[in-house]
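Asker: Taken from Swiss-Prot, the feature active site applies to Lys38, supported by sequence analysis. Marked as ATP binding site by Swiss-Prot on the basis of sequence analysis: Asp13, Ile14, Gly15, Lys16, Thr17, Ile18, Asp50, Glu115, Gly116, Ala117, Gly118, Asn175, Thr176. Among the features that Swiss-Prot reports, Mg(2+) binding site is placed at Thr17, Asp50, Glu115. Annotated substrate binding site per Swiss-Prot: Thr42, in sequence order.
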Amino acid sequence: MGKIIFVSGIDTDIGKTIATGFYAKRLMQQGFSVITQKMIQTGCQHISADIIKHRQLQGIELTAEDLNGITCPYLFRYPCSPHLAAEMENNPILPSKIAQASALLAQKYDYVLLEGAGGLAVPYNSQQTTLDYIVEQQLPLILVTSAKLGSINHTLLSLIVCQQHKIEMEAVIYNTYPLEDEKIAKSTQLYLQQYIKQHFPNTEFLVMDRQ
């Protein structure tokens, strides 16, 4: 059975999709078989746009699991929060369906990288959030952060919440693209590296530039 790792971010549009493909490619270069999965995709039809991007970054074609929907169990047309998109299409999101899809993939691949939608507190129904899913499934986490002003606050809040919920931190990926202010980016990187080294000594810190 392969290892399932959740990928989330400190905010929406933080670079999770690129980071997921980046990390998948990195594992592939180490000799592992890797598949990515999208928990929920909104603003899309037919095949998840994020899955397509993952495959481009991995340098592979779409898989059979992509074409039959296993790598993205929930696909909604309207570009909004998952809970609203599901409500609009009268298609409630069931965590069991996502978990079953991940388990199927884990039977075939060494690693399954499961990318979430938005940040940790994004709701996928009226009662449950992404964080709830990670905790319930006991999944290790890759957290994607950025060099933008304000990201230290968002990153630390996310890490503190994960610590409180005893979530295993697999890695933190520091996305430097787009580089808006080099001085802020370097200072933020140094601060986060030191913080993670002190509070999460077993967590890998990776820097990702434009892919």
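Cβ from N, Cα, C; glycine included.
Each of the listed features needs to be described in terms of its position in the shown structure.
Answerer: DSSP classifies Lys38 (active site) as strand under the three-state reduction. A C-beta separation below 8 Å, combined with a sequence spacing of at least six in one chain, links Lys38 (active site) to Ser48, Asp50, Ile51, Thr71, Cys72, Leu114, Glu115, Ala117.
According to DSSP, Thr176 (ATP binding site) is assigned to coil rather than to any helix or strand. Long-range Cβ contacts of Thr176 (ATP binding site) within its own chain (separation 6+, distance under 8 Å): Ser146, Ala147, Ala185, Gln189, Val207, Met208, Asp209.
Remark: Thr17 (ATP binding site) has Asp50, Lys53, His54, Glu115 as non-local neighbours, by Cβ distance under 8 Å and separation of at least 6 in sequence.
For Thr42 (substrate binding site), the same-chain residues lying six or more positions away in sequence with a CB closer than 8 A to its CB are Phe76, Arg77, Tyr78, Pro79, Cys80, Ser81, Pro82, Ala85, Ala117.
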Asker: With DSSP assignments reduced to helix, strand and coil, which class does Gly118 (ATP binding site) get?
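Answerer: It is in a strand.
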Asker: Within 10 Å of each Cβ, count the other Cβ atoms and name the one among the binding-site residues Asp13, Asp50, Glu115 with the highest count.
Answerer: Glu115
Asker: So among the binding-site residues Gly15, Gly116, Gly118, who's got the most Cβ atoms within 10 Å?
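Answerer: Selected residue: Gly116.
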Asker: In Å, how large is the greatest distance between any two Cα atoms among Asp13, Ile14, Gly15, Lys16, Thr17, Ile18, Asp50, Glu115, Gly116, Ala117, Gly118, Asn175, Thr176, the listed binders of ATP?
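Answerer: Site span for ATP, by Cα atoms: 20 Å.
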